[in-house]
Amino acid sequence: MSMACLELSKEVKLKGEDIECTKDGSIDLKGNPAIRETSGKWVAGIMILLNQALATLAFFGVGVNLVLFLTRVLKENNADAANSVSKWTGTVYICSLVGAFLSDSYWGRFKTCAIFQVIYVTGLSLLALASQLYLVKPKGCGNRTTLCGEHSTMEVGLFYISVYMIALGYGGYQPNIATFGADQFDEQHPSECSSKVAFFSYFYLFMNLGSLFSNTILDYFEDEGKWALGFWASAASAFAALVLFLGGTARYRHFASSGNPLSRFAQVLVAATKKCKVETPENEDDFYQGEVDDDTTGGRKMLHTHGFKFLDRAAVVTSKELDSKEKSVHNPWRICPISQVEEVKCILRLLPIWLCTIIYSVVFTQMASLFVEQGDAMKTTIANFRIPAASMSTFDILSVAGVIFLNRRVLYPLVKRFKKCKDDDAGLTELQRMGIGLVIAVMAMLSAGIVECYRLKYASNDCKHCEGSSSLNIFWQVPQYAFIGASEVFMYVAQLEFFNAQAPDGLKSFGSALCMTSISLGNYVSSFLVSIVMKISATDNMPGWIPGNLNKGHLDRFYFLLAGLTLIDLAAYIACAKWYKNIKHSEKIQELEEEDKFEV
């Protein structure tokens, strides 16, 4: 129990009550130690999960049909519209780094989430208002048959201002809300620790449930030209999410921001460079530990680990530092606490793992692009009912929900029993689950490639994306969507857990932002691969692997190429996972009396 909590406990005991504070250093809104019974846990966690579902519904209510809005309403050609959407999507994920930086450094997660959600709601409201008053003219235009009129530069500018406000708001909010939700559970308490692991699975589930409504109901309204209605629904959902988030203010647990990490990183590099000829001591206790009340990195101090020995020199105490200490002068650009050095090492160790997730994101992005084009070239009708190719992503969401349930109720208990794990151990580590995700991703690409082979077998070469261009039913795509959904649960949920657990306490939001930037880079790498493949394959008057008319191409070869690249990535990932060393913490909060651990 911390000194602050002990004093608070004594103060409350005078009133005849007992309290127990959290042991992870979390605080309440006023900066006092968080009381376990009246803060955080699933009451706060469920509010954050619902907030995430509503915010995601609003985001995909815009994003899922943005390319159609650009072509039908603003009259951009397909290439320009696709490029605009790619830039917008990339901006969303780049903004996640901005939000994470502000959260970890200055504002804290609660304030950052609130501010960026206000920006998000404002952008959505502006988009809905601009669409109703200026863009969707005449009323009902922008469906499959009716094009909209011309727009002025000011009207188009208003549209882009609104959608980039949405990108900034959602991007800055997203990595922080995941980490803020995890903050509500004390990882040093047995039952709350297991709840914290479960939270990430439910977080990803609620995010998918939010997108399910957007991909079905809102998608239908917007496809029929009811753009303003769809955008107002998104704005209302985001506003409800903001109100719900603020409604839990008194219940939330918080962690103080730790200051600018860039300066801390620079100090370690500069100090290590200045001492490049100094030998490092063999005894770990000889490294500079910092002052007793030093909280340079925020949160718990990290213990020394082997590797990146060059950086250890930043914590070596030389005669110059001893002279400065006698004069009560401390120069952070000459000597850094070993915990600060370990913070830099920790990020360097995370980077190879993070790089190995980018190829997986390339596979994941095919669901929103080539899977849809493939499905559009298949038989999409049952009786007189037409199935939109994009709606097949519903099977991905159902797969996510099903696999999360099976994991928590069947797989993890079986693995725990087989490995004889403790009750708070999931049995499979985050790194193992991410590896399983890559294996399933290979299966998804192989499945998509095989389906494409059969689609081509029953296709009409002269039919360019017309009805019945292939007699193969679109429901043959279900396995590839299901595999993608299953792989997401193993890869992205484990990724969230891994980066949250392994990032230094002062950089938790940055850890979550790494997940989003992986998806962003996956989009860019996918576009690059498509360009390279088309440049190489479209020679000697050949249409290439991915031509406008898929019946004259070989999309199956591109899928098999991705399967091969993912296998290579899996081999690299296994090597990086074996090399990786977990972060080691010293306890920030020491127990003063053993009997205070669980007070009655």
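Using the three backbone atoms N, Cα and C, a Cβ is placed for every residue, glycine included.
Record features, source TrEMBL:
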- 42-70: transmembrane segment (TRANSMEM)
- 90-107: transmembrane segment (TRANSMEM)
- 114-136: transmembrane segment (TRANSMEM)
- 156-173: transmembrane segment (TRANSMEM)
- 199-221: transmembrane segment (TRANSMEM)
- 227-247: transmembrane segment (TRANSMEM)
- 350-372: transmembrane segment (TRANSMEM)
- 392-411: transmembrane segment (TRANSMEM)
- 431-451: transmembrane segment (TRANSMEM)
- 513-538: transmembrane segment (TRANSMEM)
- 558-580: transmembrane segment (TRANSMEM)
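When each of 42-70, 199-221, 227-247, 431-451 is scored by its Cβ pairs under 8 Å to the transmembrane segment (350-372), the top-ranked stretch turns out to be 431-451.
Away from its own ends, the transmembrane segment (227-247) comes close to residues 47-48, 50-52, 54-55, 57-59, 61-62, 65, 69, 73, 113-114, 117-118, 120-121, 124-125, 127-128, 131-132, 135-136, 142, 214, 218, 221 of its chain (Cβ-Cβ under 8 Å, at least six residues beyond either end). Here the transmembrane segment (90-107) does not touch the transmembrane segment (392-411). Their Cβ atoms form fewer than 3 pairs under 8 Å, with each pair 6 or more residues apart.
Of the Cβ pairs linking the transmembrane segment (558-580) with the transmembrane segment (114-136) and spaced 6 or more residues apart, fewer than 3 are under 8 Å, so the two regions do not touch. The listed stretches are 156-173, 199-221, 392-411, 431-451, 513-538; of these, 199-221 has the most Cβ pairs under 8 Å to the transmembrane segment (42-70).
Proximity of distant same-chain residues to the transmembrane segment (392-411), defined by a Cβ-Cβ separation under 8 Å and at least 6 residues beyond the stretch ends, is recorded for 198, 201-202, 204-205, 208-209, 211-212, 215-216, 367-368, 371-372, 375, 428, 474, 477-478, 481-486, 488-490, 493. Proximity of distant same-chain residues to the transmembrane segment (431-451), defined by a Cβ-Cβ separation under 8 Å and at least 6 residues beyond the stretch ends, is recorded for 353, 357, 360, 363-364, 366, 371, 374, 472, 476-477, 479-480, 483-484, 486-495, 498, 556-557, 559-560, 562-563, 566-567, 569-570, 573-574, 577, 580.
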